[in-house]
Amino acid sequence: MTTTPVQHAAPRARTRRARLPWQRVPIWALMLLACVLSVVPFYLMFVWASHPSAEVFTFPPHLWFGDAFARNWQGLMQVTDGQAPRQFWNSLYIALISTLTTLFFCSLAGYAFAMYDFGGKGALFAFILGTMLIPPLVMDIPSFLVMNNVLHWVGQPRALWVPGMANAFGIFLMRQYISSALPRELIEAARMDGATEFGIYRQVVLPLIRPILATLGVVTFVGAWNNFKGALIMKLSEPDTMTLPLSLRRLGGGATNVNVDWGAIMMLVVITVIPLLIVFLLASRQVISGLTSGAVKD
Amino acid sequence: MSQRTPTAAPPRAPWSYTRFQQRFAPYLFVSPFFLLFAVFGLFPLLFSLFLAFHLWSPLDGVGNWKFVGFENFQLALGPTDMFWKSLKNTVWIGLLSGIPQHLVALPLAFIIHHSLRRFQGAFSTILFLPYITNAVAIAIVFATLYSERLGILNYLGGLVGLDPVRWLGDPNMVPYSVAAVVFWRYVGWNTVLYLSGLQAISEDVYEAATVDGANGWQKFWYITLPLLRPMMFYAFTLTIVGSMQLFEEPFMLLNDGGGSGGAGLTSAMHIFNTAFRDLDMGYASAMSWLLFLAIFALSMLNNYLFSRDGGRR
């Protein structure tokens, strides 16, 4: 019985929306422009990374690929004293370990807030949300002092990933998803079957919240991979700890000095951006819908 | 808790591991956040407040701070220091990048939602791309575009007969050049936010309005905008909080001094320099609290504007 009105409505809606093609030209032109402007800087960094250093700045500028990719890679190895792969690995290590620990601790806490009733739950959750109001900037100086004078972690990668392992945003995102996506009966049933509380989390909850784990995972990975200020403050500047953003700063910081190896720098730019593109394009739909669904609920 | 068990689970032992762990599991599950917050949040926060009233460099060693009362705050708000100037720069760059972001994102989201339904996913993915990218890497790309003699922007300008612009060299141009990068990075994010806000509005409302004879403009003004308010409030808040802490883009484009005349020196950069280059931790802490107050005040203003308008309706 529901099919009849739908069948009636559909063609009518279509005729109303179907306009002459030329009327849609401005809309398509506008969207095309927006997309091109979004993508052009990415395109240009690949173009520049494929030209010899001296030709990154030429007039008129290059707009198509050259053949100096391999040469720029060698140049990059030269200007980084062969450390570029190591820097890539340092960034990857911090990003991966941040992601895994964040997913674990945030989903655990989010699950507790979504599925348990316990004394002080409301107040504890409100407190966690309240910490989101503190601008990260206010924390820079004192957390450096804790790392420097108390823990002596300055210069070590853990200074970057430990503080954020269980963060307010992740816990909030997880709680929102778990309370709307998982039925409490499921937890009860597992409990009846004799599962332990952590066992329920591991065997029942974790497999069912994969979509939101993917969202938070990508966001955390991207955030940790891009963490420039943190690495700068915590002085990850020795050869064996330097991350890609710090290396970029060292090579390409401060406007446009033509006497440096720009082909090599663009190579490093490309290397810094490629993992982000891969991770995001693999999960973009998921990430976008996950992020925006958490945005306005509550 | 052993006394409380008998009523519920009949023949079990008075103290059971199952019950025990059921009761304490949630506390255990949420505890990591509070442990981490105590060490890396609460203590640092209090310490920072303490330092704001002291003169101290980490080189002096723990305990060798000198109480100076409100002197740090007076210095920051006085005419001699860069803090006021940096705050003005920050707000100005924030307005130059923030207002266009929303003026462009809202219509874009509207077009994608109403006219390009089939390609929504593709468009939002492409427009979202700048948001996830690395600020340092992209600042280098933009610095290349901005190059005065050999950059693409001045090349394109030359094609239509414009004189070369000193994008990063002219103090009057610097805020626009920095704002353009920020705009590029976040306009897609705002578009995607508005798009999801639009998708949450039920079609029924529009159909009811159509029946009542509303035209397209009326539908936008009386239905879309009011129902989009929560999302607009959220997006504005993020823009305010984010632009007030702007650091990486100007730091990379202009070096830590903020370029010629310090026209691109933001408050976050000034605080960073004071703390980690000059090692004047007390003064830097005081300024970070002043910046926090500024962010708080602007967020409250945003809140007030939204709630007051909402009440009128």
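Quick reminder: no glycine exception, Cβ is built from N, Cα and C everywhere.
Residues annotated as transmembrane segment in TrEMBL: A:25-49 (among others).
The feature domain 'ABC transmembrane type-1' is assigned by TrEMBL to A:88-283.
Same-chain residues lying 6 or more positions outside the transmembrane segment (A:92-116) and placing a CB less than 8 Å from one of its CB atoms are 124-125, 157, 160-161, 164-167, 170-179, 182, 184, 187, 201, 205-206, 209, 213, 216-217, 220-221, 223-225, 227, 243, 275. As annotated by TrEMBL, transmembrane segment applies to A:92-116 (among others).
Marked as transmembrane segment by TrEMBL: A:123-147 (among others).
Sequence annotations record features per position, and here TrEMBL assigns transmembrane segment to A:159-178 (among others).
Residues annotated as transmembrane segment in TrEMBL: A:199-225 (among others). Nonlocal intrachain contacts for the transmembrane segment (A:199-225), taken as residues 6+ away from its ends with a CB within less than 8 angstroms of a stretch CB, comprise 91-92, 94-96, 98-99, 102-103, 106-108, 111, 115, 160-161, 164, 170, 173-174, 177-178, 181-182, 186-187, 190-191, 244, 275-276, 279-280, 283, 286-287, 290-291.
Feature annotation from TrEMBL assigns transmembrane segment to A:262-283 (among others).
Between the transmembrane segment (A:262-283) and the listed ranges A:25-49, A:123-147, A:159-178, the one holding the most Cβ pairs under 8 Å is A:25-49.
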